[in-house]
Amino acid sequence: MTIKTTKNAVSRRKALLGLGVGAGALATSGLMPGAMGFAQAQSSAPIKIGFQKHATGIGAAYGRWYDATTTAAIQRINDSGGINGRPVEIVTEDDGTDPSRGAEALEKFEKLHSCDVAFGTLFSHVVIGSAPRAAELKLPYFVVSEGHHVASGMLNRYTLQPGITDVKSQVVSMAPFIANNLGKKVTMIFPDFAFGHDHRDFFTQAIEAQGGEVVAKIAIPPTETSFTRYFPSIPRETEVIYHVMVGPAVLTFVKEMGEFFGPSRPELFGFIDSLEAVGIDSPGLEFLESTYFWEGMPRHVQDNQSEAEKTYRAAVGCDDRGASLDDPADVSTYAHMFGCWETLNVIKAGMEAADYQGPQDRTKLIEAVEAMSDMPESLDHPQGAKRFNGKTHQVFGQQFISKVTEGKMVVEHVATIEDGLYEDEVDYTTQSF
Amino acid sequence: MDFGPHLMLATLEGTVIASILVLTAMGLSIVFGVMRVVNVAHGEFFMLGAVLAWYVSKMLGGHPAIGFAAALVIAPLVVGLIAAVSDQLILKRINYDPDRTIVGTIGILFIIQQTTLMTFGPEARPVEAPFNQRLALPWFEFSEGGLQMIWPWGLSITSYKLFVIFAALTVLLALWLFLTRTKIGLIMRATQQDSETAKAFGVPVGTVYSCVFGLGAALAALGAVLVVPIQQAHYLMGADPLLMAFTVVIIGGLGSLPGTVIAAFLIGMSDGIISVFFSPTLAQIIATFLVAMILVFRPQGLMGKAET
């Protein structure tokens, strides 16, 4: 192969011109006028919340719905006068569902956009990769990620999870139901990264406490696209399969599981993560009839729907089956995205309690959130009542177990806040800012 | 699961993987063989095939077989056309210079991927298989009472997966007949052997290049239409097939069609079997190791001809 070295580089003048245009565009976008008509506060500049979004990468389906929920929540907050009389503005950065890009996004929030706080993101590896940077930047970082990493003490005082429960709490409150109703010999199938390992470790302990045992643990790489080859490792004695998968291949996973077992399947207990953004009525999923799912918030409207749930569902643009109002085939990530709505309301409450004026008050904001405890069910908390633990920076709430009944997920059991409590593993309030 | 049925399941899964892989790799290999272009965007043509299959089947509605059959024709045609146009618009303008075509096709990769993200969206969307019966498979075992037939737990395949294997074989056969028995095939082979001489004999090399680039992309798209009822259409699904296809083409010999077929079955089966008994990571390590060894000891690949 001959290598041609054609020196046709861009001239310096052109390069400078290009840079100039780029810088100009950035400057203009930073000067967008804020919304008008807010009460006169000490500063009427908007409060900026940096939203770390899975816009691309394997978390993109979650990112889109986290975005829709965030937009709806901010609109509601702004319609009712903003925070401390100031409008709220969301600054979105794509994290590519990638830890290093997640940390870069936080850096941009602080240095480029001068955000007041950072918020967002689901995938645990992105949160774990970003949180140290948040502490270095002294930027409060509110995550909606489910992982146990916040409450385990692995992260820092700047990282809080006030809007969604963590895996350990979910698993602890599910184990008694599984052991008493489905079976005691469990095979676990989970993704091979931090979130899946949380499930593996805590469920193993929790089911043993109920007199059951985990007979096999099958870890699957998060980017896998074909699953049949993993299923032969399921031991014959298995009574219950506990599955929790994430990523774009979840439907293939559930479908191939059905094809593998055919008519003689064991009991199935899945985390709805295995089917978030996927219709339960998708072709090939018929075998899920009368299996069980954990749901963070019921996707399908239940008979005892609360007024708050109804209003929230309409605000985020979802129909009775948790799909987009515009397109019934466009199913949301309903069991997780309420966390964005509730977290933003916690940020608002925290800023109001701390009389937040600007970045100099960030530590006051964190202390104000740490001081929170019981949050009653309301339109601020449509998923249900919550209890925040200021020491571990983790919120606790109710959990739902639904049974697929004639193509609808019907809530069969509700685990209370108390069912999901466990001993503190860290006290972040003793750490200095 | 016992060793015997387990091995049989692994072999069946491996054959399905290999069938899709052989079509994808064949497209890559033809493009390189004739045009000497390393097409980094090949995986995106694969993805585009799957995405179009979803659009076609959604638009037609009705019985899933109608949409699927239409997709089988329309998706490869449209993808082939897009590829031919991008050849005219981009690759031709840079005179098929080996270095610049790599950068050019990387550009095509990003354009296709991001356009899909902006229009089709980030979700994985399913296409219903035209038929999909689960077929339980028997296993024979020697016991005290002589040979016995048993039905092991989980040993099964679906009728659709069998169809994929047969469809891939049919396409391969058709491709071979096309290249060896038709005039267009002859022109393509002439261009492959010596494009300058072919030009001197009146072969419109530029048009042949566009057709070949389109054909390569169409083969990838066809593989994707076959796979989309098993997996789902997703905008990032092109990365894996691209990597696997490169592995296959390097092992088989760039531009060698028989080598590509052999290597595709080798890699597909080893991926199926090793990942069942050991781990998927090990299967990838072995494939990569094989590529490295081939590059060191037999750079022209298993069936490639050494350059003189």
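A Cβ is built for glycine as well, from the same backbone N, Cα and C atoms used for every other residue.
All TrEMBL annotations are machine predictions without curation.
Keep in mind it's a predicted model, so treat the numbers as computed, not measured.
Noted in TrEMBL for the protein shown:
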TRANSMEM  B:6-30  transmembrane segment
TRANSMEM  B:37-56  transmembrane segment
TRANSMEM  B:68-90  transmembrane segment
TRANSMEM  B:102-121  transmembrane segment
TRANSMEM  B:160-179  transmembrane segment
TRANSMEM  B:200-230  transmembrane segment
TRANSMEM  B:242-267  transmembrane segment
TRANSMEM  B:274-297  transmembrane segment
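Scored by C-beta pairs under 8 angstroms, the transmembrane segment (B:242-267) has its highest count with B:274-297, from the stretches B:37-56, B:102-121, B:160-179, B:200-230, B:274-297. Long-range neighbours of the transmembrane segment (B:200-230) within the same chain, counting only residues 6 or more positions beyond its ends whose Cβ lies under 8 Å from a Cβ of the stretch, are 16, 19-21, 23-24, 26-28, 30-31, 34-35, 37, 39, 42-43, 45-50, 52-54, 68, 71-72, 75-84, 86-88, 91-92, 96, 126-130, 132, 160-161, 164, 167-168, 171, 175, 184, 187-188, 190-191, 237, 241, 245. Counting same-chain residues at least six beyond the ends of the transmembrane segment (B:6-30), those with a Cβ under 8 angstroms from any Cβ of the stretch are 39, 42, 45-46, 137, 139, 154-155, 157, 161, 164-165, 167-169, 171-172, 175, 212, 215-220, 222-223, 226-227, 230, 241, 244-246, 248-249, 252, 254-257, 260-261, 263-265, 267-273, 276-277. The highest tally of CB pairs under 8 A with the transmembrane segment (B:102-121), across B:37-56, B:68-90, B:160-179, is held by B:37-56.
The stretches the transmembrane segment (B:68-90) and the transmembrane segment (B:160-179) are not in mutual contact, being linked by fewer than three Cβ pairs under 8 Å (pairs 6 or more apart in sequence).
Residues 24, 27-28, 31, 67-68, 70-71, 74-76, 78-79, 82-83, 86, 91, 96, 98, 101-102, 105-106, 108-109, 112-113, 116, 120, 125-127, 213, 216-217, 220-225, 227-228, 231-243, 245 of the same chain lie 6+ residues outside the transmembrane segment (B:37-56) yet bring a C-beta within less than 8 angstroms of a C-beta in it.
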